[in-house]
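Contents: one structure, followed by commentary.
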């Protein structure tokens, strides 16, 4: 079993142990300040543990959805997506690649390629947006879309003008 999955399962079992078998017997409990405080403490611990478990699931890529190409976990609870390149007919396994490529679901080759086919459209990966755009959004062979390059150039011009005003030479 995957170590992360094993860790999640042990967290789940701890939560289950905290909650115990008290599911529907809450109304039959004796009323007393000590017991109420203990119950409140238990609820806080369970809520905290559940939130930690949800965070772990999200960090592992589990959550909603059940697309093909994903594997189900042993517990049957969530789905873990196999990281693979979005480019058609690529399917490169990104598990051994850098986190950047896993996060954006593109292999290193296609991140730098001038033209790729994604969802039937000829596109290019923008290194500024970290997304695929139509080729019409790029100038010649540049890897950043016009919109992001315009913003970058504007910031450069602005800093250059400010340095002239202060009497410094431009960079």
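Cβ from N, Cα, C; glycine included.
Just so it is clear, the model here is predicted, and its values are computed rather than measured.
If you check Swiss-Prot, you get these features:
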type     : residues           : note
REGION   : 20-46              : region 'Disordered'
COMPBIAS : 22-40              : compositional bias 'Acidic residues'
REGION   : 57-76              : region 'Disordered'
ZN_FING  : 82-159             : zinc finger
BINDING  : 85, 90, 107, 110   : Zn(2+) 1 binding site
BINDING  : 126, 129, 133, 145 : Zn(2+) 2 binding site
MOTIF    : 142-158            : motif 'Bipartite nuclear localization signal'
REGION   : 149-171            : region 'Disordered'
COMPBIAS : 149-158            : compositional bias 'Basic residues'
COMPBIAS : 159-171            : compositional bias 'Basic and acidic residues'
Length of the line joining the Cα atoms of residue 129 (Zn(2+) 2 binding site) and residue 90 (Zn(2+) 1 binding site), in Å: 21
Integer average pLDDT (0 to 100) for the zinc finger (82-159): 90
Listed in sequence order, residues not in 85, 90, 107, 110 with Cβ within 8 Å of the centre of the Zn(2+) 1 site Cβ atoms: 84, 86, 87, 91, 92, 106, 109, 111, 116
Most Cβ neighbours inside 10 Å, all chains, among the binding-site residues 90, 126, 129: 126
Of 85, 107, 145 (the binding-site residues), the residue whose Cβ has the fewest other Cβ atoms within 10 Å: 145
Residue 107 (Zn(2+) 1 binding site) to residue 126 (Zn(2+) 2 binding site) - Cα separation in whole Å: 13
